[in-house]
Amino acid sequence: DRQTLVAVLQFLRRSNLRESEEILRREARLLGDDLGGSIATVATSSPGVAAVAAVPPGKGEARGDCGVGPSSRREPRKVGTPCAARSLGSSPLSEQLLLAGAFAVGGAVVVEDQPDVSAVLSAYNQQGDPTLYEEYYSGLKHFIECSLDCHRAELSQLFYPLFVHMYLELVYNQHESEAKSFFERFHGDQECYYQDDLRVLSSLTKKEHMKGNETMLDFRTSKFVLRISRDSYQLLKRHLQEKQNNQIWNIVQEHLYIDIFDGMPRSKQQIDAMVGSLAGEAKREANKAKVFFGLLKEPEFDVPLDDEDEEGENEEGKPKKKKPKKDNVGSKSKKQDPNAPPQNRIPLPELKDSDKLDKVMNMKEAARRVRLGPECLPSICFYTFLNAYQGLTAVDITDDSSMIVGGFADSTVRVWSVTPKKLRSVKTAADLSLIDKESDDVLERIMDEKTASELKILYGHSGPVYGTSFSPDRNYLLSCSEDGTVRLWSLQTFTCLVGYKGHNYPVWDTQFSPYGYYFVSGGHDRVARLWATDHYQPLRIFAGHLADVTCTRFHPNSNYIATGSADRTIRLWDVLNGNCVRIFTGHKGPIHSLAFSPNGRFLATGATDGRVLLWDIGHGLMVGELKGHTDTIYALRFSRDGEILASGSMDNTVRLWDAVKAFEDLETDDFTTATGHINLPENSQDLLLGTYMTKSTPVVHLHFTRRNLLLAAGAYSSQ
C-alpha cells in the first residue's frame, strides 16, 4: 500500500533514521508495482538461475556464474551452459575426444587449466579488522538463533561456509592467533557431518599451508550452494545491511551461491536430508536437463520355444495382472519406451551370433525366474574368501553367474569357475593350425584340456587392484589398480591384452557397459573417463567432482554414467556430449556403491554414512532413505525385476529392502521438483524385509542370478 509506505518513510526521515529509510526505499522499489527495473526482472523471470539482490553501493550482485576463479565477474548465466563452446558433432563416439584440460564447474565445462593458486587465494585480501571477526560471526549467530523457527533452519545453513571462509581469510592474512581462537570458539557449532572437513581445516594454520591444499582450493573455486526461500533471504539481507556487516556480506557475495526459491521455507528435516556435500547442495538448474532414462528396444530374433509358450509370453511383456516384468535383456514389449533415447543416439556394437545365443538362454532362464516380493524373499548364497591374506579389494561375478573374479592388494587378479566347467585356455598357434575349421564343435576343439583348472591367476598390475568387471559376453575382464592403469584381460588366453594409461593416480573403480565395447573408470584424479576397448585414449573425460571418483556405473541403456565421489555427491553424465545432467547431494560421507533399477528410472546409492539413498532420475529428486546399516555400504544390487534392493555393508550384514513399496506413490509434482521440498517417510524400517548376518565377513559384492538367487561375496576377517 503506497500511502502507508510513504507515511512510514516520512516518519523515518523525521526521526533522522536515514539508513533505515534508504533500505526501505530500496526494498520498496524492488517489490513495488513496477518491480523496479532489471534487477527484479532477473530475480522473477528465472528463479534459481540467479540470486539477485539489491545491495549497498559498490558491492556486486549475489549471483551464480560460471566463473572458476572467485573474483571472476561475469554475467549471470544459466547453469549447465558450457562456458566454452565445444563442437563434438555427431561422428561416432570413438572419434570424439574430450579435452583433458577441461575443468567442469557444476556440469559446465570450462576449457582451462586448474586455477592459479595465488589468484584463487588473493580473493582473501579484502579483509576487515581481524579482532572483530568473532564479533561479526557471533552477531550473525545470535540473529539466526533468535529468528523465527521457519527461517532459522534455512539460515543456519550459512554457519558452515561462513565459518570456513572467515577462518581461511584470517589465516591467509597471517592473523594466526585470531584464526586459532576463532576456530576454537566456533568449530563445535558446526553440523556433525562436517567433522572430517574441519579436521583438515584445523591443520591449516599458516598461509603457506593453504597453497598446496586441494580441499581448500576446492572450497575456494566452487561457490558453496545454499538453497533458501525468498523470505529468509530478505531477512538475512536486511539484517546484514542494518548492521553494516560488510565482512560477512562480502563473503556471501563472493563465495556463496544463494539459490532463491519462492514459497514456504524448508524444514530442518528437509534441509538435513539434502545437505552435507563438499560444496553445499546442487543448484536446482543442475537437475533440469532432460534425461532419457528408458530402456533401448531389444533387437528382435526368434526364440526357439521348447518347454511351453512361456518364452513367447515373456517376450510380449508378461500377463497384464502383474507389474510389467523386466529383466536384464529387457524382456519388454515391442513398443518403444517413451523415455528411451533414440536407438542410434550413441553407436553400440552389433550383436554377434554368440550374443544372440546368450540372449536366448537368458530368456529361457527368465521364464523360470522366481518372482520376488515381501512374501517371497530370495535365497542368499555367500561366497566367503578364506585365508585371503593377500587382501581382497574387489569382486565381480559374470552375468550368467559362471565365474567370479577377485582383485587383491598383492596386485593379482584371480578368476574362479563356480560351475563344474573348468577354466581352459585356447591352444597354441601350432596346435590350432591342425584343427578342422569346418567342424561343428570347433569352439570346443580350440580349447586346451591340459590347461583346465578352477582358478587362474593374472599377473600384471604393480599395486592393489581396486576394481574388476567382466564383459557381458564373458570374453574379457577389466581390472583397475593403484598403479594408475586399467588392464583388459582375455578370458580365452588368460593374458593381458591392453593396459590403458590415462589416470596419473590410483584408479578406484571400472565397469563395462551393459552392451560391452565401452567401459568407464574413475580415480583419485577426480575425473571419470570413458574408454572403448579398441582405443588407447579415453573418448570422454567427465570432470566436475571436487574429490576422488570412488565408484562408477553405467545406466542400463548405456547412454549415461553415474559416478559417486568422496566429495559426497553423485553425478550423472551424458555419454554423448560429456555433460553433467544430474547432481545428487544428501550423503554425509564418500559414496562407495551405486545401482540402477532394471527399468532405468531410479538410482540407489550407498556411502560411508551407512545410509542408502534412492533417487528419481527423471525428476532429479531424492525419493527415499533406507537406514539400518551401521557401516560403509560397499554393495548394492536390484533383483532382476527390480522388486527387491539388496545392500551389503562392512557391518557384516546383507539387508533386503522392498523396492516396489519404496518407489510407489511418489510425490513428484512440479512444486517439489522446483523447490526440493522432499517428504521422506519417517521410518524406513517398514521397507526392510530382512537382515542376514555373516560371522565376520564384510560384504564386498552382491549379484542376482538370472533366476533371482542372490550371491554375495566377501573375505573373512579374523579380528
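Cβ coordinates come from backbone N, Cα and C, glycine included.
TrEMBL: automatically predicted annotations, no manual curation.
TrEMBL has this to say about the protein:
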COMPBIAS  326-337  compositional bias 'Basic and acidic residues'
DOMAIN    128-256  domain 'TFIID subunit TAF5 NTD2'
REGION    303-355  region 'Disordered'
REPEAT    385-426  repeat 'WD'
REPEAT    458-493  repeat 'WD'
REPEAT    500-531  repeat 'WD'
REPEAT    542-583  repeat 'WD'
REPEAT    584-617  repeat 'WD'
REPEAT    626-658  repeat 'WD'
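Within the chain carrying the repeat 'WD' (584-617), a Cβ under 8 angstroms from the stretch's Cβ atoms is held by residues 193, 196, 273-277, 280-282, 291, 293-295, 326-328, 339, 547-548, 550-557, 562-566, 568-572, 623-638, 640-642, 645, 647, 649, 651, 657, 659, 662-663, 666, 668, all 6 or more beyond its ends. Counting same-chain residues at least six beyond the ends of the repeat 'WD' (626-658), those with a Cβ under 8 angstroms from any Cβ of the stretch are 325-328, 366, 369, 371-374, 377-378, 380, 382, 589, 592-599, 604-608, 610-614, 684-704, 706, 708, 710, 712, 714.
For the repeat 'WD' (500-531), the number of residues in each DSSP class (helix H, G, I; strand E, B; coil) is 0 helix, 19 strand, 13 coil. The DSSP breakdown of the repeat 'WD' (542-583) into helical (H, G, I), extended (E, B) and coil residues amounts to 0 helix, 24 strand, 18 coil. Break the repeat 'WD' (584-617) down by DSSP state and the numbers are 0 helix, 20 strand, 14 coil.
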